[in-house]
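Below is one structure, written out as structure tokens, with a few remarks after it.
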Amino acid sequence: MMLEVKGIKFQYEKGRPFDIPDFQLSSGEQLLILGKSGSGKTTILNILGGLLKPLSGDVRLGDTLINQLSGAKLDKFRGKHIGIVFQKPHILSPLTVEENLSLANFFSGADGKRNQELLKELGIADKRRAKVNTLSEGEAQRVSIARALANQPDLILADEPTASLDDHNAEIVIKLLQDQAKKYNAALIIVTHDQRVKDHIVNQITIGALS
Amino acid sequence: MNMLKLSWKYLIAKPLNTGLNILLLALGLAIITVLILIQDQFENKMAKDAEGIDLVVGAKGSPLQLILSSVYHIDFPTGNIDMEEAQSLTRNRLVKKIIPLGMGDNYQGYRIIGTNHDYLELYQAVISEGEVWKKPFEVVLGEEVARKLELKVGDNFVGSHGIGSSSHEHDEHPYLVTGILAKMNNVLDKLVLTSIESVWYSHDEGHDHDKFTADVSTTGFPPTDEDREVTSLLVQYRNPMAAVQLPRYINSRSSMQAASPSFEISRLFELLGVGVKLIQGLAYAIIFIAGLGIFIALFNSLKERKYDLAVMRTLGASSFQLFIHIVLEGIILTLLGALVGIAIGHVFLALLVAQNEQGAISGLSAAVFLQEELWIVVYAVAVGVIASLIPAYSAYRTDIAKQLTRA
């Protein structure tokens, strides 16, 4: 499975468009997108994840042009093939840890056979019946990673996954993301301004200047 | 995980809010349920009890009172009428049958009604034990009377004067139970039935052995050479013409009055209708407020939940699924509200019936479920759907990227 990004243009306000550099990423490969806040990092992620439509250009994941999908088709494709980890964990609080994962399975039609294994690998198996408000920040972020991985995505997008974590937890989270991506042969893209992440991934793009 | 479970989880995450909304809706629906149950059973019962009685003739006074006292045995009689005048009606060609009634006594609050065997026939009463009365002071008990007072065939009791339980007892003439009726589910269940002669003799001074051992009349008026009175007459018409002529004739040409059960009862319902309408209006207002409450609750929770909804979208939920997610919450809320409301309504009616052992309500049953109650459920769910439409549409329109980057 290959991710291919070509000629993406986007603008929030009229007359202030910015470009996203073209790049390609194969299964199992990892990419770090660095940039200051406000440089459009999150926008790139939203476009890659099909949450935003670019003005022009293509985002191709495998055989699918994500920017040409719409409606429920896009939602289902995203649920099935793309796992997104946010800066904040955003665990659905009425549900338990386990239920957060099985909800992801439900929406994308996956079987969720790996859920227990995932929770174990991420070291939160004993919290699987816990509600989010009983989790620590680090645990919550691991749950959100587990949820992003619950459907065995081909592409993992992580938006500042370490921003609200201390050094120790940041290290663990990055490691977990990398290990899991490798293990399931998914492409991993981390968008961050966090210098701590820099040393972990060689493949980097820096964006900054609005063009 | 499925949509239903997801909505349910979100509801029980706010138990107080959810509980309040369910309770408020349930309250409104409970009132409607009680009204429907009472109205249906009351009308049924009233129609059943008056079946076969075209006209009631009694002493002048309130026609409604005459009907209530002589057909339903709930109000006081308007007084007594002279039997000779009453008997003259039997010669009227418009009259098919007359059943005389004599009242005035009770046993422990259950009315003792003097009549003849035609009265049993009118309701097609079935004797479950013993036999009908043949001699003075022999009585047949309604099912409820026998059950509540634990009387058996062969038992004696002494009636007391008056319609309700009260005053002095006619201790010199005990009644003998010769028969007990099967459960009729009508007014007979609460009556002590005997001959007119029994009622007369119990009020007489002295003790005439010959009279007391003679057979009583089983149909028509008891033959007597004394100056006697009866309380009222149940009249059956010979033909439809009678409905026009007979009441007018009796009301203008005699010292008695005639009242039609169907007319008086529809008049009664008309009077009660104002109250029923008022309560109904109140119930609908409560339901409307409950619907508004659900709307506000969903709409408010949506503000905090936009983020959750956006996350669901990133997990693969479609906009339409989010729409369904919110509507389902409204449906679950109102469905529970309807079920709780119907339950409360039945429990309330059961309590009401239990507290009024001998009143007009006592004949009602809380264990009856009507088709209308299904409509209550449908109605409630419709309220839920309507209340959740706007919040659901708003969920449908959630802009994921905007929501997610806002944090």
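Placed from the backbone N, Cα and C atoms, the Cβ positions cover glycine too.
All annotation found in TrEMBL is predicted automatically rather than curated by experts.
Summarising the annotation, TrEMBL assigns domain 'MacB-like periplasmic core' to B:18-203.
As annotated by TrEMBL, domain 'ABC3 transporter permease C-terminal' applies to B:283-399.
Residues or ranges marked as transmembrane segment by TrEMBL: B:20-38 (among others). Listed by sequence, the residues of this chain that lie at least six past the ends of the transmembrane segment (B:20-38) yet keep a Cβ under 8 A from its Cβ atoms are 276, 279-280, 282-287, 289-291, 293-294, 297, 333-334, 336-338, 340-342, 344-346, 348-349, 352, 361, 364, 366, 368, 370, 372-373, 376, 380, 383.
Residues or ranges marked as transmembrane segment in TrEMBL: B:282-302 (among others).
The transmembrane segment feature in TrEMBL is assigned to B:322-354 (among others). When Cβ-Cβ distances below 8 Å are used as the criterion, the transmembrane segment (B:322-354) is approached by residues 3-4, 6-8, 10-11, 18, 21-34, 37-38, 290, 294, 298, 302, 309, 312-313, 361-362, 364-367, 373, 376-377, 379-381, 383-385, 387-389, 391-393, 395-396, 398 of the same chain, each at least six residues removed from its ends.
Residues annotated as transmembrane segment in TrEMBL: B:374-396 (among others). Remote same-chain residues near the transmembrane segment (B:374-396) are listed as 25, 29, 32-33, 36, 287, 290-292, 294-295, 298-299, 302, 305, 309, 319-320, 322-327, 329-335, 337-339, 341-342 (criterion: CB distance under 8 Å, separation of at least six residues from the stretch ends).
Confidence over the domain 'MacB-like periplasmic core' (B:18-203), given as mean pLDDT on the 0 to 100 scale, stands at 88.
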